[in-house]
Amino acid sequence: MNRDEEHSSFVSTLTGCAQRELFLTFVITMLGLFIRNLMLPWIFLGTRYDINRKTYWLKYVGDVIFLCLPSLLAMTILSNHLIMLTTIMIVGSLVLLIFVLFEASENYLIANLKQAWTRIVEEQHRPTKFVTYFRSLTMVLVTVAILAVDFPIFPRKYAKTEKFGHSLMDVGVAAFIFQSALGSRMAKSPSSGRTLSNHSRPFYLSSTFLLFALGFVRAIVLEVIGYPQHVNEYGVHWNFFFTMAVVRVFYSILPRCYPLVLSVIFGICHQTMLKSTGLQKWILDENANQRENLLTANAEGLTSLLGYLTIFYASLAIGDFMAKTSIRVKSWIRRCFQLLIISFFLFLIQLATEKFVDPPCRRVVNITYIFSQLTLMTFATAVCLSIQMFNVVVWCASFPQFSRGDDPFSPVSPCLSDSINRHSLLFFLISNVLTGLINLSISAHSMTSPYYSFPILLGYLILCTGSVHFLEYRKVNFVRLHSE
């Protein structure tokens, strides 16, 4: 094998993992956020982060421990002990919850909770905070995975599948598509509290143009430096940035009303095209596609576009559903349970398509893959919304330490999730550049000892998160409060 073939063989898998392992990995990541929001107000006793620089960076250390470390452990040295890790984190969360409730029991707990139940979710409550949580946590997972996959410490079952199956590395693009659509709908909802600008930016500053530019730059740079590429992922020249850009182009020219109907139409057309024309069989057959021209060389990337467009419009429908939520706390709490029901319903459809059509296939984004990703993303959204509503409820109910500040998230600010959310594209670019530099510097797939690979991954994650958090740090107007 030459270097490209060796790398491609190492970062791919033929079988994938169990779907429950994907859910457990997401749950572990989100439990880290929940534990962080439970502990931080008590660790710092409501101390404002803008009082001094030491507090700001101490909270960053806490964020790395609670937001980043669980994901890294779940995808590396504890990947075979996910149930144990989940159980420990759930027990820890329950113990902290009992402590919080015990501290609040002296202050008319039941009456305060009833009052919080009917409170109005105003702009200061940040009703779309769950979108920030979802986007930042998926970014952390993707950032860890894109470098960790090159090390033996990363289980091969989590690497990209060659044909059929579930895999953690197969989640990335679908997660970005989902959060892009969800964020787009929630930003325009009346409950978001945002004022959208009417000023249009020059075309060269639009996100679509930037994505196309990044796609071309990535393709050219990788070709020039001879960086090993996994051709079966998107094709020879195609990449993630092209997929995101083309989906945005279609969204700009296609109707935006009735997204659920359009999603169903796109999904039926896509699956029919895959099966009736033999396109799926041709793409998955390594000997059939000789990649003789530009179209066949990028067959995976081009074929999967309609599938990702299906996911995008289904995500828009979920965003519309969320945007119609009433302004009261109880309505948002009901939405958590409704999203879980929707996720379960999508899971049942996925099981049916898996049995009667095909297992999930990331390379062609078949109908089973679409439903499996929508199931996972809807479930993750529900959990993130639940974490957000916890902070809103305890703030409205005047729980000790949690009710300080002008909004429900003051006691847990600043959060690394906000920094990642505000600089998500830069964060992703930094992680990609560092991944390339590390792989060019060392032979990652031959580094079998976790005593070397784990510190490298942790240092890489700290560098990525610290870069965007430093940008937010520069914006903070630190003040000194002196007691009289």
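Cβ coordinates are placed from backbone N, Cα and C, and glycine is handled just like the others.
Here the structure is a predicted model, which means the values were calculated and not measured.
Sequence annotations record features per position, and here TrEMBL assigns transmembrane segment to 22-45 (among others).
Same-chain neighbours of the transmembrane segment (57-77): 24-25, 28-29, 31-33, 35-36, 39-40, 43-44, 49, 85, 89, 136-137, 140-141, 144-145, 148, 151, 153-155, 158, 168, 414-417, 450, 453-454, 457-458, 461-462, 465-466, 469, 473, counting only residues six or more beyond its ends whose CB sits under 8 Å from a CB of the stretch. Look at TrEMBL and you will find 57-77 (among others) tagged as transmembrane segment.
Remote same-chain residues near the transmembrane segment (83-102) are listed as 24, 27-28, 31-32, 34-35, 38-39, 70, 73-74, 109, 394, 399, 402 (criterion: CB distance under 8 Å, separation of at least six residues from the stretch ends). What TrEMBL lists as transmembrane segment is 83-102 (among others).
Same-chain residues lying 6+ beyond the ends of the transmembrane segment (133-154) with a Cβ under 8 Å from its Cβ atoms: 7, 10-11, 25-26, 29-30, 33, 67-68, 71-72, 75-77, 79, 160, 168-169, 171-172, 175-176, 179, 182-183, 380-381, 384, 387-388, 416-418, 420-421, 424, 427-428, 431-432, 434-435, 438-439, 444-445, 447-448, 450, 453-454, 456-457, 460-461, 464-465. The transmembrane segment annotation in TrEMBL covers 133-154 (among others).
The transmembrane segment annotation in TrEMBL covers 166-182 (among others). Tertiary proximity for the transmembrane segment (166-182) is limited to same-chain residues at least six positions away from its ends with a CB under 8 Å from its CB atoms, namely 13, 16-19, 21-22, 25, 75, 131, 134-135, 138, 141-142, 145-146, 149, 157-160, 240, 243-244, 247-248, 308, 311-313, 315-316, 318-319, 322, 360, 362, 369, 372-374, 376-377, 381.
Here the transmembrane segment (203-222) has long-range neighbours at 229, 237, 239-242, 244-245, 248-249, 252, 425, 429, 432, meaning same-chain residues at least 6 beyond its ends whose C-beta is under 8 angstroms from one of its own. Sequence annotations record features per position, and here TrEMBL assigns transmembrane segment to 203-222 (among others).
Marked as transmembrane segment by TrEMBL: 234-251 (among others). Through the fold, the transmembrane segment (234-251) approaches residues 172-173, 176-177, 180, 207-208, 211-212, 214-215, 218-219, 291, 294, 297-302, 304-305, 308-309, 312 of its own chain, all at least 6 residues removed from its boundaries and within a Cβ separation under 8 Å.
A Cβ distance under 8 Å defines the sequence-distant neighbours of the transmembrane segment (258-274), meaning residues of its chain 6+ beyond its ends; these are 280, 303, 306-307, 309-311, 313-314, 316-317, 320, 357, 364-367, 370. What TrEMBL lists as transmembrane segment is 258-274 (among others).
According to TrEMBL, the transmembrane segment annotation covers 305-323 (among others).
With a cut-off of 8 Å between Cβ atoms, the residues of this chain six or more beyond the transmembrane segment (335-353) that come close are 318, 321-322, 325, 360, 367-368, 371-372, 374-376, 378-379, 381-382, 385-386, 389. Sequence annotations record features per position, and here TrEMBL assigns transmembrane segment to 335-353 (among others).
The annotation transmembrane segment is assigned in TrEMBL to 373-397 (among others).
Residues or ranges marked as transmembrane segment in TrEMBL: 451-471 (among others).
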- Item | Intrachain neighbours beyond the transmembrane segment (451-471), with Cβ under 8 angstroms and 6 or more residues off its ends | 60, 63-64, 68-69, 72, 76-77, 140, 143-144, 147-148, 151-153, 414, 416, 419-420, 422-423, 426-427, 430-431, 434-435, 438, 444
- Message: Could you check whether the transmembrane segment (305-323) packs against the transmembrane segment (373-397) - three or more CB pairs closer than 8 Å, residues at least 6 apart in sequence?
- Response: yes
- Task: Mind checking which residues of the chain, 6+ beyond the ends of the transmembrane segment (22-45), have their Cβ under 8 Å from one of its Cβ atoms?
- Result: 55, 58-59, 62-63, 66-67, 69-71, 73-75, 82-83, 85-86, 89-90, 92-93, 96-97, 100, 133, 137, 140-141, 166, 168, 171, 376, 379-380, 383-384, 387, 390-391, 401-402, 404, 411-412, 417
